[in-house]
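Engineer: Sharing the features that TrEMBL gives for it:
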type: SIGNAL; residues: A:1-28; note: signal peptide
type: DOMAIN; residues: A:40-158; note: domain 'Beta-hexosaminidase eukaryotic type N-terminal'
type: DISULFID; residues: A:C75-A:C124; note: disulfide bond
type: DOMAIN; residues: A:190-507; note: domain 'Glycoside hydrolase family 20 catalytic'
type: DISULFID; residues: A:C300-A:C351; note: disulfide bond
type: ACT_SITE; residues: A:E346; note: active site, proton donor
type: DISULFID; residues: A:C525-A:C542; note: disulfide bond
Number of protein chains: 2
Amino acid sequence: GSPFVSLLLALSCCQGLHHNNIDDYVEAEPVFQASKYGSLWPLPQKVQISEVSFKLSSASFRIVDAKASSAGPSCSLLQSAYRRYYEYMFGSAKKQWGSKNNRRSDPSDLTELQVWITSPDSECDGYPSVTSDESYELTVNQPVAVLKAPTVWGALHGRIYSIYFHCQIISYFPFSKSINATIINDFPRFQHRGILLDSSRHFLPIKVILSNLETMAMNKINVFHWHIVDEQSFPYLSRTFPQLSEQGAYHPYTHVYTPADVKMVIEFARLRGIRVVPEFDTPGHTQSWGKGQKDLLTPCYSGSKPSGSFGPVNPILNTTYDFMAKFFTEISTVFPDGYIHLGGDEVDFTCWKSNPDIQKFMEQQHFGEDYSKLESFYIQKLLDIVASTKKGYLVWQEVFDNGVKLKPDTVVHVWIGGRSDKEMSNVTAAGYTTILSAPWYLDYISYGQDWQKYYKVEPLNFEGTDEQKKLVIGGEACLWGEYVDATNLTPRLWPRASAVAERLWSAKNVTDIDDAFNRLSLHRCRMVERGIPAEPLFSSYCLHEYKGV
Amino acid sequence: GSPFVSLLLALSCCQGLHHNNIDDYVEAEPVFQASKYGSLWPLPQKVQISEVSFKLSSASFRIVDAKASSAGPSCSLLQSAYRRYYEYMFGSAKKQWGSKNNRRSDPSDLTELQVWITSPDSECDGYPSVTSDESYELTVNQPVAVLKAPTVWGALHGRIYSIYFHCQIISYFPFSKSINATIINDFPRFQHRGILLDSSRHFLPIKVILSNLETMAMNKINVFHWHIVDEQSFPYLSRTFPQLSEQGAYHPYTHVYTPADVKMVIEFARLRGIRVVPEFDTPGHTQSWGKGQKDLLTPCYSGSKPSGSFGPVNPILNTTYDFMAKFFTEISTVFPDGYIHLGGDEVDFTCWKSNPDIQKFMEQQHFGEDYSKLESFYIQKLLDIVASTKKGYLVWQEVFDNGVKLKPDTVVHVWIGGRSDKEMSNVTAAGYTTILSAPWYLDYISYGQDWQKYYKVEPLNFEGTDEQKKLVIGGEACLWGEYVDATNLTPRLWPRASAVAERLWSAKNVTDIDDAFNRLSLHRCRMVERGIPAEPLFSSYCLHEYKGV
């Protein structure tokens, strides 16, 4: 058909244009129009969509390993992805599967997607990492489409993409679908594209975490930063120190993550190309740790007597470091990712200052009145402990600001708003790798289309050399949990985090806000169709509305 | 037991205190403590809770009609309420039902709640109205508790209350429950306690509407203001003018409310003591009407030629009034409530001004350049039409501001922020009944505990005589739909609307914000336990977290 017609059809895939004739309106409203990229999100680095289109039928279409692929039927990561994507494309209506006799395909049908992993090592049984090659090429042609990728990680993105993109460039006739001939060449702009979820302020049931991992994959997010414990509760069930969650969780049975839960989260994420980076934040943000671990926290004093309350981790006791060594040894084996987030933010010195033993220690160490030296003392020892487990680490920006000696491969996490560009400048000038979160605190909500604010952020918009800019490996959208639990997390996160996802994946010059509105409107309907309660951008509808309540 | 112990147990009913020892925290946080009223919400006018407590067992407990009650087994409204509340109290675990032999009750058990409707007319088969008597008295004593109410409407509230309240003053031992001896005397401060939902900016599936009606009942909200159509879409399927939704809905089959749907909503609401007040807003906010009804809207002009776009309803054609007469005749039979909301807000004069026929009409009528006179001309005729259907009407404040002649029983709906107290003063000084929404636009969101802002509103805080104050019959929380659909409506509405619900039900002096925080925290967990994704007030947990995603 003509290009115009096929584009319209493509759009009607996820959000109809029917009755959307907003030109008639008196009030000024965002005008939904067809993007020439349909609902592609995040936008690939390079796309060519042809006018030629092919038919797609669930009865004849198959996703198969290419003959030359280094990943075959034994690669369960890909095989389960194939099943998932087939269902995305055609729904779970298995009735559509024809019997052998029924499986005749039209000569104009697209009947196969061949997946071709080109590196000798497909990395099928490994874990994604910060250096994974996530690139892929997708060529949709008749009768066969080919998805080429060096590793499964690219194939997964391409795969997901191919589906999105199938959905995007698929046109829904009443009972059949069609797809445009297409060539996509794609790779991420940034390697680290993360989302922080906080399971301490409110416990997040596993089901919520899994369905958000699924949604992260739909958005090419590749890092789940699991802010698993904090002041309020300690839901991580430690094999070595079970009393931490027994005493520190909101409830010792119903509000904890067992080793099996954690394992399931990690594997579910791996199958979708997502790293799980756990955060165990110390020495501040640790009230819940103190409930199950005697003497771990600093006793605060009121005058000459202990007040009964506790401050940050006690940095002057050997037992503290014995505990941390054992604890992080466990963590380093439970979480396969190469990195652990060690926190280090917002340490309140009030309690340390009140404690006479700490005061004495400060004198002995010649720290004077500079408690940030004490903080650095603690962090330094902690970093050495964690380094001995062969893990890399991420830390919040205060650790850098306080001049702690860091391993060269440390990732500094910039979160403080206002002049985060200056901080990016400083961190990279010092030669450290960095990720940005300051403009992407999604727990802060406001009326209207705040996704645009997140979308307009340019992470490299700071003073620095090209070398410095290369040290920015990405960013994270943070959804802190004070006001968020299973009841409202998903619609609050999506599609607002999708804006961050495109910023971190697509080319720097992908900044057309109207085109983004049009594509994102469809992308959010696609999430809704897959059962994810992603909230609307503005007055609109989806062909298939959210069915839950 | 001692009063202290029973209070603790009462609280652990819905939100445990376990590990909530926030005194230890360094950071300042809202401190959750036991309210002496447990989780009662909205707080009754008068409560006495005794230290004496009785056991409650699902095997022996029954809810029955009192012998002297004017409502018997034929009152299906009460019978279905009994079933609902029994399930709320004991869960759907029907296994607990003992066989006859098992049904021996402990001498200390509370075994029966007798429901006694005292008026000769129980109103069981009627509809709630603005003059319904919603008062009730609840006496929990052993072995029998009694709920007395003049009509079923009070019994429903008391009933719901009794359950809440059962939940509140029930203590959960591992496998049994107990309840304190209690006397409640209760009635609403305001007669009109509404929530506006908007099914035009986004279509709201029936399921979402029903589950929010259920939640309204839990909060003693008694008016569902159904802003059913607007510019963006016309989902109301009219028997008389089916082309309105055929052309004006987002989708003519999947995004409409059929007559059966509307009937179901109304009956579901009635069974919970909730009025359904539909709004059909004219002459502005009507773009979607124009799609299916030729010549209804004013053609706008660009210079001397029609621009192709349309403005508000065309007030100069007889066909307009013929249409409105037929349309509102249908509406008056479909919706049994005594009132219809006629809108009348935000009429943009630009298009009227551009149209030469309208200009001529203005001259003929000697309206000069005052287009608000034309608006009044239209509204006046519309009000006469609606009055002839024997319905009362509500209008947005502009209709009053523009000096339209109103029937004395008109309800003026104050919504414009800033100086709404002045408007309340003016409206009541002119002798009109009024309801307040200006401070309760819940679609405006912000970070943090904004429920407190809604809670602190005092509706009678304006200059006026006692007579004027009596004209304020209540208010409504409005959740406009630009950014809200099934994906995020429920957590955005609850528990924020609960703050409005208590303000409109409870005594004027119920203003202790800390006590409200403590009760509302438990009340929201109760909603969560009943499957409603009501969002959290702050870092916390519920014994039974939300199970959906």
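Even glycines carry a Cβ here, placed using N, Cα and C.
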Engineer: According to DSSP, which kind of secondary structure is A:C525 (disulfide bond) found in, if we only use helix, strand and coil?
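Structural biologist: Going by the DSSP assignment, A:C525 (disulfide bond) falls within a helical segment, counted as helix.
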Engineer: Could you pull the average pLDDT for the domain 'Glycoside hydrolase family 20 catalytic' (A:190-507)?
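Structural biologist: The answer is 97, the mean pLDDT of the model over that range.
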Engineer: Would you mind splitting the domain 'Beta-hexosaminidase eukaryotic type N-terminal' (A:40-158) into helix, strand and coil residue counts from DSSP?
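Structural biologist: Helix, strand and coil residues of the domain 'Beta-hexosaminidase eukaryotic type N-terminal' (A:40-158) number 25 helix, 34 strand, 60 coil.
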Engineer: Please determine which of the disulfide-bonded residues listed here (A:C300, A:C525, A:C542) has the lowest count of neighbouring CB atoms within 10 Å.
Structural biologist: A:C300
Engineer: So among A:E346, A:C351, A:C525, all listed as recorded positions, which is physically nearest to A:C124 (disulfide bond)? Use the C-alpha atoms.
Structural biologist: A:C525
Engineer: Mind pulling out which recorded positions among A:C75, A:C124, A:E346, A:C525 sit under 8 Å from chain B, Cβ to Cβ?
Structural biologist: none
Engineer: By CA-CA distance, flag whichever of A:C75, A:C300, A:E346, A:C351 among the recorded positions is nearest to A:C525 (disulfide bond).
Structural biologist: A:C75
Engineer: What whole-number Å value do you get for the CA-CA distance of A:C542 (disulfide bond) and A:C351 (disulfide bond)?
Structural biologist: 54
Engineer: Going by DSSP, is A:C351 (disulfide bond) part of a helix, a strand, or coil?
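Structural biologist: The three-state answer is helix.
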Engineer: Measuring Cα to Cα, tell me the gap between A:C351 (disulfide bond) and A:C75 (disulfide bond) in whole angstrom.
Structural biologist: 54
Engineer: What same-chain residues, at least 6 away in sequence, bring their CB to under 8 Å of the CB of A:E346 (active site, proton donor)?
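Structural biologist: For A:E346 (active site, proton donor), the qualifying residues are A:G284, A:H285, A:E398.
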Engineer: Over all shown protein chains, what is the count of other CB atoms within 10 A of the CB belonging to A:C351 (disulfide bond)?
Structural biologist: 22
